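Since the structure comes first, as structure tokens, the remarks are kept for the end.
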Amino acid sequence: MTLKSFMNDAISPWMKNEGPEADIAISSRVRLARNLDSLPYPIIASEDDLNKVIAETETKFSAHEHEKFGALSLLKMQELSENEKRVLVEKHLVSPHLTREGPARGVLLSEDESLSVMVNEEDHFRIQCLLSGFQLEEGLACANAMDDWMEETLDFAFDEKRGYLTSCPTNVGTGLRSSVMMHLPALVLTKQLNRILPAINQLGLVVRGIYGEGSEALGNLYQVSNQTTLGTPEKEIIKDLSSVVAQLIQHERAAREQLWTNSKDKLEDRIYRSYGILSYSRRMETKEAMERLSDVRLGIDMGIIKDVQGSILNELMVLTQPGFLQQYAGEALNSQERDWRRAALIRERLTLEEESHDGGGEL
Amino acid sequence: MLCQECQEREASLHFTKIINGEKTEFHVCDVCAKDKGEYLPGGNSFSIHQLLSGLLDTGQSFAKSSKQHSRQQAKPELQCKTCGLTYKKFAENGRFGCADCYQYFDEKLDPVLKRIHGGNSVHAGKIPKRKGKDMHVYREIEDLKAEMQNHIAAEEFEEAAKIRDQIRSLESSLHKKGGDVS
Ligand SMILES: [Zn+2]
Ligand SMILES: [Zn+2]
């Protein structure tokens, strides 16, 4: 398989760098937790009961076209290979928990992968909409539409006082978890992020690095999400999160300008060094790959590097994960082989950019 | 520092969560972070064990603050009659077994939910369209009542009267459907 066709299959819409403010707010996710009121929750349910949930899902939702979502297909975990499951996790379409143990687990996926419904994870259903850029309201509309459709024929566990009843008390009420993944390199470089984070935490929101150490996240990628789900209407939860995300975007832009004014030479050097290393090295660990890709992405966004697409960070941070590397290689790889393959894939991806820039075809 | 989950590998993911001033620190290794899923996007956003420790455990923390301690001990253990989950088990796992657990454990839930949800214990969001039909009407009536009070306060009595009529017709529609509601 060529890298180009592999990528066409591998790329979900959220990685495409197309949504509003997608240079900083990489993706937005809205998730609703729902349960049936007549069956025990997956944590204690019998295999028979879990199979009932899967069967209902299959007959009611995967056999019909939905006007908004089109045809949905149900992937059953027990029918997938270990690596196929891993790839679903790396694309952020399912949680690691869903792929782990237990019978009768699945995911209902829309064709473009912007909608996924995990079945028999911690709750009977986890409806998730994942979109590129800063699109929380659209994400909520999407998740609500699926929720309404499901509620037409399913009796959800709902209580007037406590709202939607979930397996974990941290999700009860709205069952809503919304989050935005943000690329914040300039706030990290200028050491401002650590001052901003406590203020955000005080607002009942959570910021954390993705696969990172300490407050410095890998690839300068952070996820901001709401913490509480009970006592506040969905729209307000989204509004509160949105206003913080909007502020973070502003701060990041200001920090970029500050870097440009105060230390342009240093910044350019750093970005081109990373670009050079990504273009020529033969072995690359995930950690270094993420750091270098973050630099290059910053260079693209600031107009320092001109011939590379901004989506390269989003794509490569997913495509260089172990599951994808193995899928592309067509075989299992140990970690040294993966480092070698990772470097090769990054080089190949950058070469694709150059070709397409030379008129060698578009991606 | 060792990972707080497995106590084996070095912790590589460190973060602090603060909800309404309550700080909780997390130190986990890569493997556990991936394994738990709770620390990663898409997973549950925090570890229930951390958050509820001391609050849910069935013994001391309640005993100290409660004069009813001896009486509570004499009572039979709380248990969900639908799925059989005991409150003790719920406290250990931090997970309910079924929708009815919320009813059976209701007397203990307010402090737990308030602590998790920044002081809130009552839902204020979406109501399912089909199943919550009457609830939609009840909530609309409440909203209208508040609106009516605003008009009265502003001495806009004509407006207030209009809304009063709306409320009456909504209420009578509920009564017709319910039949036995007097
Ligand atoms: Zn560990
Ligand atoms: Zn129960």
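Any Cβ shown, glycine's included, is placed from N, Cα and C.
Worth saying up front: this structure is predicted, and the values here are computed from it rather than measured.
So that you can see what the record holds, here are the features copied from TrEMBL:
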{"type": "BINDING", "residues": "A:27-31, A:His92, A:Arg126, A:177-181, A:208-213", "note": "ATP binding site"}
{"type": "DOMAIN", "residues": "A:24-255", "note": "domain 'Phosphagen kinase C-terminal'"}
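Feature annotations (TrEMBL) mapped to structure.
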residue	record	DSSP (3 states)
A:Ser27	ATP binding site	strand
A:Arg126	ATP binding site	strand
A:Ser179	ATP binding site	strand
A:Arg208	ATP binding site	strand
Proximal but sequence-remote residues of the same chain as A:Ser179 (ATP binding site) (Cβ under 8 Å, at least 6 apart): A:Ser28, A:Arg29, A:Gln223, A:Val224, A:Ser225, A:Asn226, A:Leu241
Among A:Arg126, A:Arg208 [binding-site residues], residue with fewest other Cβ within 10 Å: A:Arg208
Listed binding-site residues (A:Ser27, A:Val30, A:Arg126, A:Ser179, A:Arg208) that sit near chain B [CB under 8 A]: A:Ser179, A:Arg208
A:Val30 (ATP binding site): tally of other CB atoms within 10 A of its CB: 27
Listed in sequence order, residues with CB under 8 A of A:Ser27 (ATP binding site) and six or more positions away: A:Trp14, A:Met15, A:Gly19, A:His92, A:Leu130, A:Leu131, A:Ser132, A:Gly133, A:Val180, A:Met181, A:Asn314
